Amino acid sequence: MALSVETESHIYRALRTASGAAAHLVALGFTIFVAVLARPGSSLFSWHPVLMSLAFSFLMTEALLMFSPESSLLRSLSRKVRARCHWVLQLLALLCALLGLGLVILHKEQLGKAHLTTRHGQAGLLAVLWAGLQCSGGMGLLYPKLLPRWPLAKLKLYHATSGLVGYLLGSASLLLGMFSLWFTATVTGGAWYLAVLCPILTSLVIMNQVSNAYLYRKRIQP
């Protein structure tokens with residue numbers, strides 16, 4: 001027996017609500033896991049994985065879920081308020097990422113090691129730079145008068161697309177970091193595979209949210 005359109009809609013909405021809730025928990029859980037693993041304060045390097053996971057796993061995920069109609073923690077507030085909260089979270093994520101990047105550069109300088117010799121380091125640098133550009137571009141949406149010649153609809157489309165790319169870059173950086181000697185020396189077996197699934201899961205949830213709630217809608221408009 002075929003399901004009605006209304007039933008399918010309810011099922012799909014329930015699945016998106018469940019996946020959004022899972023993304024909240026996974027983003028927080030992964031960040032806590034890395035913090036426990038790194039023991040921040042035990043060394044200069046120990047702050048790097050903590051700050052980067054805080055930036056790209058927790059803060060950035062929460063910033064994007066802010067616009068989810070099913071799983072936003074502030075969905076009862078107006079879109080304008082949520083947009084400002086989104087920008088604040090993104091700015092905090094950028095600050096954490098910059099600090100994490102600066103500390104690992106200082107750590108390598110102290111050890112006399114070369115910089116950006118791994119895919120993880122290269123992806124991380126690109127993700128931080130992209131996050132900086134994304135935060136700057138967000139100013140145009142917070143204050144549209146700064147870009148009077150650009151249609152607001154196009155700005156939103158570009159920002160959503162660019163934001164998704166930036167989020168995926170950050171997730172890729174986290175994923176590549178789990179192949180590092182520091183991580184694999186401590187986390188092995190099933191725990192390693194579970195950790196790898198964390199940025200993959202949150203990326204899938206964010207991709208679904210952005211593409212279905214915004215990008216797909218833009219494509220089908222005449």
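Think of each number as a place in line: the chain as shown, counted from 1.
Using the three backbone atoms N, Cα and C, a Cβ is placed for every residue, glycine included.
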Per Swiss-Prot, Ser46 shares membrane side with Glu70: no
Residues near His120 (heme b 1 binding site) in space but at least six apart in sequence (CB under 8 A): Ser173, Leu176, Gly177, Phe179, Ser180
Helix, strand and coil totals (DSSP H, G, I; E, B; other) for the topological domain 'Cytoplasmic' (68-85): 7 helix, 0 strand, 11 coil
Residues of the parent chain within Cβ reach of the topological domain 'Cytoplasmic' (68-85), under 8 Å, 6 or more residues beyond its termini: 13, 16-17, 19-21, 23-24, 62, 141-142, 209, 213
